[in-house]
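*Asks:* If you scroll down you'll find the structure; I have some questions about it.
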Amino acid sequence: MWRYLPELLAVPVPRYTSYPTAAEFGDAGEDDFLAELDNATGDVSLYVHIPYCHEICWYCGCNTGAANRQKRLAAYLEALTAEIAHVGHLLPRSARVRHIAFGGGSPNAIAPHEFVRLVNTLTVAFSLADPTLSVELDPRSLTEPWREVLAHVGVTRASLGVQTFDPAIQQAIGRVQPIELIERAVDMLRDAGVTSLNFDLMYGLPGQDLDTLHSTLDQAARMGADRIALFGLAHLPAMFPRQRRIDCSTLPGAFERFRMMEEGHDRLLDLGYQPVGFDHFALPGDPLARAALSGHLHRNFQGFTDDAAPVTIGLGASAISNFPRGIFQNEKNAGAYRELIAAGRQPTARGVARDANDQKRRAVITGILCQGRAAVDEDMLRSASPRLADFFAEGLCTLIDGELVLAPDALPYARGIAACFDRHRADSQRNFSNAV
Ligand code: SF4
């Protein structure tokens with residue numbers, strides 16, 4: 001049983017899908033991005049962002065808008081196609097693309113033939129090395145033509161936004177999708193050749209309790225999800241005004257959320273899943289479970305991953321590119337993004353350089369979150385010690401032969417322990433969600 005230590009969970013902490021985090025992004029721009037691109041070699045991954053959805057869910061914290069105007073969608077795709085061609089032209093041919101991920105928003109907010117056109121553009125622009133294709137999908141707009149297209153282009157990994165199967169909770173978060181609709185989506189994806197299927201699920205939802213959480217997890221397992229990401233709802237209505245439609249009086253409290261995280265974890269292990277990092281689970285045999293077991297798990301902007309590429313190039317509005325020495329984000333606003341592309345500019349809007357010290361800290365933070373252990377030198381330990389003291393005192397981590405090792409019950413505290421090595425978090429903890 002996990003120990004509930006509210007004082008160690010009280011401070012909001014980053015999810016560390018990058019280090020430094022997006023909160024540190026500043027002036028690094030177009031020229032810095034182009035210099036990193038010019039140096040890229042070896043394995044590269046691509047992330048293509050579609051910032052539109054047919055229906056906007058009330059809890060959503062993503063950069064997405066309504067896909068209700070065809071002209072706007074067409075203009076966005078035209079800009080995205082131009083960016084793909086431009087970046088592909090600049091990337092050295094020695095860089096080989098092994099993963100392409102489509103995310104959003106909902107990539108299936110665009111027409112299926114537009115998706116094929118995007119894949120064709122990527123094929124022409126980049127040096128592809130039989131890449132693994134993955135797509136985030138909204139089951140509410142997954143149609144038969146989409147099934148055909150996914151099969152045609154060879155998508156093998158898909159992620160469905162499910163969140164909960166409970167009809168009353170679906171109403172409360174503005175995302176109604178009957179169980180039959182999800183079953184149909186699963187059948188279509190399997191038929192299309194998807195071999196690794198993820199369900200995004202949530203705890204901490206309005207009106208949710210342990211029983212409704214359990215039945216959602218059981219249902220997800222019955223449907224054969226290969227992977228499950230179980231996230232806590234990040235309710236930040238000041239940052240995301242659309243969340244104001246959620247009735248806060250029905251949200252579970254901090255202790256209930258903690259128990260949901262624990263019970264969810266235990267239930268999924270009982271159902272045969274292996275834990276992956278602090279919020280992912282995968283069936284044995286899935287590439288993500290294999291990566292976790294073999295110590296080859298990584299973390300990027302999409303969460304825990306088996307993708308080991310040192311470079312990810314983000315394409316589209318708000319997409320983030322990651323290089324060993326820097327992180328860059330494209331202009332977030334889709335209209336401003338289109339204008340930059342139309343002016344022949346690279347749409348990089350902000351970013352942060354990663355120096356040798358950042359690289360060391362990044363290795364420690366990633367090790368803690370992905371493997372539950374990380375080698376730490378004296379300097380690193382000294383700078384983290386004041387904040388680490390309480391975690392040591394509670395026995396949540398210990399030092400063994402120069403490695404910081406997390407205790408088996410330290411999972412809910414992993415982000416808090418990792419944050420002790422974040423040199424930017426000493427003063428400000430704002431703009432992050434709770435650790436649980
Ligand atoms: S489908 Fe996903 S990205 Fe779109 S509004 Fe809902 S949660 Fe946000």
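All positions are counted from 1 along the displayed chain.
Keep in mind that glycine also has a Cβ here, set from the backbone N, Cα and C atoms.
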*Asks:* Which of these, Arg72, Arg175, Arg184, Arg222, does TrEMBL list as part of the S-adenosyl-L-methionine 2 site with Tyr59, Cys60, Gly61, Gln163, Asp200, Ala234?
*Replies:* Arg175
*Asks:* In TrEMBL, Tyr47, Glu136, Ile320 are given as binding S-adenosyl-L-methionine 1, so which of Gly104, Gly295, Gly344 is in that site too?
*Replies:* Gly104
*Asks:* Starting from Ala234 (S-adenosyl-L-methionine 2 binding site), work out which of the binding-site residues listed here (Tyr47, Cys57, Glu136) have their Cα within 10 Å, and give them in sequence order.
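*Replies:* Within 10 Å Cα-Cα: none.
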*Asks:* To the nearest whole angstrom, what is the C-alpha distance linking Tyr47 (S-adenosyl-L-methionine 1 binding site) and Cys53 ([4Fe-4S] cluster binding site)?
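*Replies:* Rounded to a whole number, the Cα-Cα distance is 17 Å.
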*Asks:* These are the binding-site residues: Cys53, Cys60, Ile320. Which one scores highest on other Cβ atoms within 10 Å?
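*Replies:* Buried the deepest by this measure is Cys53.
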*Asks:* Output, ordered by sequence, the same-chain residues six or more apart from Tyr59 (S-adenosyl-L-methionine 2 binding site) with a CB under 8 Å from its CB, or 'none'.
*Replies:* Gln163, Ile173, Gly174, Arg175, Met202, Leu205, Leu233, His235, Gln243, Ile246
*Asks:* Using a 10 Å radius around each Cβ and counting other Cβ atoms from all shown chains, which of the binding-site residues Gly61, Gly104 yields the largest count?
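*Replies:* Result for the most crowded candidate: Gly104.
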*Asks:* Just checking a number: largest C-alpha distance across Tyr47, Gly104, Glu136, Ile320 for the S-adenosyl-L-methionine 1 site, rounded to a whole Å.
*Replies:* 16
